[in-house]
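Asks: For reference, the structure I am asking about is given below.
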Amino acid sequence: MKTFRHLPNLNQCILFLQSCAFHKNLTKGKETHSWMLVNGFLTAPPSVTSLINMYSKCSIPLDAISVFKDTHHPNIFAWNAIIAGLISNGLSRDAFEFFRRMRWEDNGVYPDKFTFPCVIKACLDLGEVYEVWKIHADLFKVGLANDEYVVSSLINFYLKFSFMVEAWRLFDELGEGKRDVVLWNAMINGYAKIGGFNMAFQVFGRMVEEGVTPSKFTVTGIISIFSMTRDVSNGRAVHGFVKKIGYESDEVVSNSLIDMYGKCKLLGDADWIFVEMPKRDIFSWNSIMSVHEQAADYDGTLKLFDRMRNAGVVPDIVSITTVLPACSHLAALVHGKEIHGHMIVNGYCGDFHDAYVGNAVMDMYAKCGSLNDAQLVFDKKKNRDIASWNIMIMGYGLHGFGDEALVMFSRMREAHMIPNEVTFVAILSACSHGGLCDQGREILEHMELDHGVVPTVEHYTCVVDMLGRAGKLNEAYELACSMPIEPNPIVWTAFLAACRLHGNADLAKIAAERVFELDPSRSGSYVLISNVYGSVGRYEDVSEMRGAMKTRNVKKAPGCSWFGSESWERKKRLLADHIHLQAQKWKFHGLVHSKDGQSSSNQLLIHVVKKGETLTSISRQYGVSIQAIVVANSKIVNVDVVLEGDRLKIPAFIAEETQVGSIWRSWSCIEAKGRRTSSKILKGLENQKILTMMASHNIQAAKITGYLLLAPLVAFCIRCILGVFHRRRARSFKHQDINASGSHDHGSRSIRWKTALRDIREPDAFDTESRKDSVDPLEDRSEAPFEDISSAYTELDPAYQKFLSECGMSNWGYWRGGGSNE
């Protein structure tokens, strides 16, 4: 009260109480209350109403009730204030009791048109349908049955509880003159909330016909309906109507249009609206980022997030939860850490957001391969829910740490956390990736008895995949046939992939037939069975599968890969841009060999690169690691080495010694839905160290990585490098003739694939007889190529020669089958 120069009067006190209520300033409000009590202002009815309103807005409902009870004869404004105040504080039951007192006490106060909407809102919160029917009857007694404000509340109540007939009857009885835009909005939104989208659209059409101008809330409500129904035709019509009435520049309407076009998979239209917006708020940025993230345009999501920060817009919690999944899919670990740092600085990691955002951060770290950081975030979480445990189990399993996933599963049970279906999918998948067959089968058998979770088709799919990866094809087939649930195409596709991995054509044919019966449009199944037939020399069946794909109009999307760099930029490259020339040469040599009837030892050489194949699928078919392919084709790929696969499992001690830096994720359009591939980009000597350690006879490392054939392939890669070195060092006349006749470096390199794969069988044998029939003109020279390679070998740096010798390489460029002879 010291702020007043003179003593305040009643009106000034009331105005000051209204200001305290607006700003929720409880301290000043109590000071004003004390002043009014001392000066006898509380006997005036307006002061009682203002005090009740102030305490209610400051979330002190008990003080509001105390003020009301101290009033001798409260008027209708005081009753309405206490009822509305209690409802706003979540005390709907107490508010309804005050309404009963007002009706039954003989104090001359009766409910008015402001009382009934509040009481109807209380009944809506309490679900008191019978009481609302009585209130509806009272409206006729007090003459408020046709009041727009009261009827609007009744319509909302009836729509909420799906009383469509009563709602429409009330709406229709009002007449055209009394149906304002608020009531029209209530009808549209009420129908939309209960799924009556057609009726909502009809109400909107009738509204326009009657000449009622829709508000921006009407437009956003009807646009949200088209977003949920994916009705782009009517959505475009409403968009045109929005432009006509001048709402297009409104931020709320534009955000709704962005969401509608995004849900309809029209990213171009959504981007166009976003660009044309005169002013963009945080909701606009969140809308466009969410649209791109839901459309799997993760790189675009990161770019938009970067643009938002450059525009000076501070990301909120919605922005964070939108962009983190994009970092997870692209394995953008550096940018994920930056976002995590932004969260810490802005206090988004507190107790309130911990349960929601903490899981998103853990998921990002886990999918990016930074399991230590994911574990650190998990250990610091104060309120771990079931999703937190599932993320950690799935993260360990994704990267092949099956034992760690089992330990986390045991810790979860010790913490008295009840596992759900997702938990068992994660742990069974971890057992599959880690080769823990016994543990996986035991978990499947006891999950219903011990935890009450009935196995679903997803759980059986994981076990079938687990047994298939371990080479137990018969057990996997028996499980697929005997499972209590009808196996879906995913089960048989997993079994088919296992058959391709182990070269079992008979079981693969059975699995493929089951897949074709259930889902003939799965292109991946055709490719798998074709690869199986090709690996065993059944090329007529390969042609038959390709013909079946054409007949059934089954097509594969072109494969692509993501290559990360230090900046936010990423380049998306089609497979044809990587190995276009080499793919043509492979196709040529494959056809020649198949017509000449080569022996079974050359079967893996016959391969026609089809549109849509990825390096992953080619490496699986040949049993060759992708890093070996990329090393041999480094000029085409334009990176040193890309290690890629469903599960990149380099032993921890190797990763530590080589100081592997950035980890990126490679995403392929033709991979199975929901599957992701890991990749690492290694440079220079780091790659050499890994290849050296894996090329030596370290059986433990070989079993962990699964690259038992890598040693001779490393030798082959080095032979290719020496050959390139030789061609750069000196170009002979014969070599010039070869280039003049149309032979390219890529062609000669693909022929080295042929000879190298022969060397895998007998690395020390030159196999000169089979080379006489080769179409490579370089092989027509007797011993010149080997002498040239030997000469190139001697000109290498001594340290590099020692490195090659440690790899088991002879100076002729062949693998001796072991380490150094020193």
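Even glycines carry a Cβ here, placed using N, Cα and C.
Taken from TrEMBL, the feature repeat 'PPR' applies to 75-105, 180-214, 281-315, 385-419. The domain 'LysM' feature in TrEMBL is assigned to 605-650. According to TrEMBL, the feature transmembrane segment maps to 704-725. If you look up TrEMBL, you'll see 766-789 marked as region 'Disordered'. The compositional bias 'Basic and acidic residues' feature in TrEMBL is assigned to 766-784.
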Asks: Other than its close neighbours in sequence, what residues sit by the repeat 'PPR' (385-419), given a CB gap under 8 Å and a spacing of at least six beyond its ends?
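Replies: 355, 358-359, 362-363, 365-367, 369, 371, 374-375, 378, 426-427, 429-436, 439, 447, 451, 453, 647-649, 676, 678.
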Asks: Same chain only, please: residues at least 6 beyond the ends of the repeat 'PPR' (75-105) with a C-beta under 8 Å from a C-beta of the stretch. Say none if there are none.
Replies: 45-46, 48-49, 52-53, 55-57, 59, 61, 64-65, 68, 111-112, 114-115, 118-119, 121-123, 125-126, 128, 131
Asks: With DSSP helix as H/G/I and strand as E/B, how many residues of the repeat 'PPR' (75-105) fall in helix, strand and coil?
Replies: 26 helix, 0 strand, 5 coil
Asks: In the repeat 'PPR' (281-315), how many residues does DSSP assign to helix, to strand and to coil?
Replies: 26 helix, 0 strand, 9 coil
Asks: If you run through the repeat 'PPR' (180-214) with DSSP, how many residues end up as helix, strand and coil?
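Replies: Per-class counts: 26 helix, 0 strand, 9 coil.
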